[in-house]
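Q: This is the structure I have questions about; it appears just below.
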Amino acid sequence: MLKKLFSKQINMDTLSVEERVALAKSEPIPAHVAIIMDGNGRWAKKRAMPRVAGHHEGMKTVQKITRFASDLGIQALTVYAFSTENWKRPKAEVDFLMRLPVEFLGSFLPEMMERNVRVEMIGNPELLPAHTQKALYDAMEETKHNTGLVLNFALNYGSRAEIIDAMKGMLEKVQEGELTIQDITEECVTAHLMTAHLPEPDLLIRTSGEVRLSNFMLWQLAYTELWFTDTLWPDFNEKNLLEAIENYQKRNRRYGGLKGEETT
Ligand code: IPE
Ligand code: IPE
Ligand code: MG
């Protein structure tokens, strides 16, 4: 309400980030924000640097955005870090990407503990190198009692693989007599996905100007609000997230029905 009165009269650009945060918090904040972090390679190329330098800079953006998401009161932040298709990249790049969680979680863990952040992951951990798995499992174990922001890494994640696993899980239960065919509802499918314990994403952000989903959360995104920006992931900052949230807060989520004035 405050924001509606305010934003009609005031150009948001003239407000400080703190003022914009306060206004954003006076409206519903998306519970779950999912981000397709794209453009690391192009960021590096623009600077005549190797692609991996872009990935390293992108890791710092994850830290910055985790802090900000936690300050904003977002419940869950899912970051797409490595897709099931990214194995197609040169081995040296894949190796570098697989070492990043070790560095990220090693250096950022104390701060995540202070900020009450819980680390989780979706995707198949089995194909990840042992050091990547260990960093993830250690961080998940250490933060498992934290009750603040869930920082959910999608690592070796592919939505189609996830849906196939969910189907297999349900079929096994049918074979064992734990489920009947009639039990297979939307809720049942949702409960068999790796995101079962998370709210559905309210807002999806993809950086770098690409306008596609690249096998990310295909089931979960059915009614998610989408935000695409040309900003490359290493350049993405607090103001960019705030802009996406402010835009989200102006949208009318109808879920196929009618809302607001149209219902009268
Ligand atoms: C995103 O940046 C990170 C991963 C996919 C791992 P890219 O590496 O895809 O960067 P571009 O798209 O080549 O610029
Ligand atoms: C999507 O980015 C995957 C991640 C961000 C981890 P890509 O750069 O791999 O996607 P495409 O190949 O451009 O679709
Ligand atoms: Mg890319």
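Using N, Cα and C of the backbone, Cβ positions are placed for all residues, glycine too.
From TrEMBL, for reference:
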ACT_SITE  D38  active site
BINDING   D38, E225  Mg(2+) binding site
BINDING   39-43, R51, H55, 83-85, W87, R89, R206, 212-214  substrate binding site
ACT_SITE  N86  active site, proton acceptor
Q: When you measure from each Cβ to the nearest atom of ligand 1, which of the binding-site residues G41, T84, W87, L213 fall under 6 angstroms?
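A: What lies within reach of ligand 1, judged by Cβ under 6 Å, is G41.
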Q: Could you check which of the recorded positions D38, W43, H55, R206 have their CB within less than 6 A of ligand 3?
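A: Once distances to ligand 3 are taken from each Cβ, D38 fall under 6 Å.
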Q: Express the distance between the Cα positions of L213 (substrate binding site) and N86 (active site, proton acceptor) as a whole number of Å.
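A: The separation of the Cα atoms works out to 14 Å.
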Q: Please name the residue among the binding-site residues G39, G41 whose C-beta has the most neighbouring C-beta atoms within 10 angstroms.
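A: Result of the Cβ crowding comparison: G39.
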Q: Less than 6 Å between Cβ and the nearest atom of ligand 2 is the rule; apply it to the recorded positions D38, G39, G41, T84, R206.
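A: Passing the 6 Å Cβ check against ligand 2: D38.
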Q: For the residue listed as 'active site', what residues in its own chain, 6 or more apart in sequence, show a Cβ-Cβ distance under 8 Å?
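A: The list for the residue listed as 'active site' reads R206, T207, S208, E210, L232, W233, given in order along the sequence.
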Q: Rounded to an integer, what is the Cα-Cα distance in Å between G41 (substrate binding site) and E225 (Mg(2+) binding site)?
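A: Counting only the Cα atoms, the answer is 26 Å.
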Q: Based on DSSP, name the secondary structure state of L213 (substrate binding site): helix, strand or coil.
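A: SS state of L213 (substrate binding site) = coil.
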Q: Between W87 (substrate binding site) and E225 (Mg(2+) binding site), how many Å separate their Cα atoms?
A: 29
Q: Any idea which of the binding-site residues W43, W87 has the thinnest Cβ neighbourhood at 10 Å?
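A: Taking W43, W87 as the binding-site residues, the minimal 10 Å Cβ count falls on W87.
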Q: Just how many other Cβ atoms lie inside 10 Å of the Cβ on E225 (Mg(2+) binding site)?
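A: Looking across every protein chain shown, the total is 17.
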